[in-house]
Amino acid sequence: MSLSRRESQEPEEDVVEMKKAIATGTKEAPTVSALPPIVCYCVASILMTVVNKFVVSGSNFNMNFLLLCIQSTVCVSCVATVKKLGVISFREFDTKDAKAWFPISFLLVSVIYTGSKSLQYLNIPVYTIFKNLTIILIAYGEVIWFGGRVTGLTLVSFFFMVFSSVIAAWADISASLTLGDPVVAESQGWALSSVSGIVSNMNVGYFWMLVNCLTSAAYVLAMRKRIKSTGFSDWDSMFYNNLLSIPVLAVFSLIAEDWSSENLMKNFPEATRNFLLFAIAFSGAAAVGISYTTAWCVRVTSSTTYSMVGALNKLPVAASGMIFFGDPVTVGSVSAISVGFFAGLVYAVAKNNQKKADAASQPAVLPMTRKP
């Protein structure tokens, strides 16, 4: 083969290898800077949280099932399109696989729905901090069902996670109680009924947050067990999760939500209807972006770097609520975010150390073939 022909084929081979790496994650992609995937992951995560908060925070919005149904439909459409372009690969739809995966999809619907309800009543910093508690539930679930273990450093990170949640709740409740002071309420122009409504909404928000943490842990643990039995890849899981959730969400929306023309006008007022629908579709596409950038980040860097990025990403996500939605910037809220940020870093280091210890404890395996 001539030199010029070989040089012309090298870029094509690089493209093929990149596509294989993206689709399956089984091969190393050509060397790529670690900065772009990390930045893209952070941007996608922040955008999805902010957009979801924007959609559900409307004073009259009450059609969460419809919102999630549209998002799942957009997500499936995006994944199918990218597959047709040959960028990713996942198995074709199979009835047997669908029956096996349906309980997982139902749990995912519960996770997303309770998360959207939490965001409807709580501000983004409080939501982000309390989401850390799910990690503790998952860790002890793995101890019970998968023979996992919790190291001393992991326990330290759990302590700081709980501590940050206590600070966040204290700051949130203190702000509401301060507003409940008649003098403060009068100076702010708030009626007593409005103050009572704020406190009531806060209680509802914490209830949905608790349910979200429980369902999130159940979803992750059940999915881990089911993946082992089905052999699903990440893209298989994403495709089936969203595809199977569409009929469930559509049925729940038709049964539980008000589809009268009056209520539709309240949820999608004419002045902002087009922008709201665009935001909902964009958040569905952002879910694909998060899945893709997660795989990209792990492939180009390492799982350890990705876990550290996940810990660091909580800070800008929480800050986005203060920037875009006017969430209160107080000593309590900033302290809670800082402690939660530190807890995430400690947890990432603990998991990295545990992974190294587990790898070191594995018996050495002699190679069965000789390298050429």
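These residue numbers are counts, starting from 1, taken along the chain as shown.
Even glycines carry a Cβ here, placed using N, Cα and C.
Caution: TrEMBL annotation is automatic and unverified by curators.
Sequence annotations record features per position, and here TrEMBL assigns transmembrane segment to 34-55 (among others).
Per TrEMBL, the feature transmembrane segment maps to 61-80 (among others).
For the transmembrane segment (100-116), the list of distant contacts is 52, 56, 64-65, 67-68, 127, 208-209, 211-212, 215-216, 218-219, 222-223, 226, 229-230, 232, 237, 240-245, 248-249, 252: same-chain residues at least six beyond its ends, Cβ to Cβ under 8 Å. Here TrEMBL flags 100-116 (among others) as transmembrane segment.
The transmembrane segment feature in TrEMBL is assigned to 122-140 (among others).
Among the features that TrEMBL reports, transmembrane segment is placed at 152-171 (among others).
Per TrEMBL, transmembrane segment is recorded for 205-223 (among others).
Residues or ranges marked as transmembrane segment in TrEMBL: 275-298 (among others).
Sequence annotations record features per position, and here TrEMBL assigns transmembrane segment to 331-350 (among others).
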Worksheet item: Mind checking which residues reach the transmembrane segment (152-171)? Cβ under 8 Å, same chain, six or more beyond either end.
Response: 125-126, 129-130, 132-133, 135-136, 139, 206, 328, 330-333, 335-337, 339-340, 342-344, 346-347, 349-351, 353-354
Discussion item. Which residues of the chain, 6 or more past the ends of the transmembrane segment (205-223), have a CB below 8 A from one of its CBs?
Written reply: 103-104, 107-108, 110-111, 114-115, 117-118, 120-122, 126-127, 130-131, 133-134, 137-138, 141-142, 145-146, 169, 237
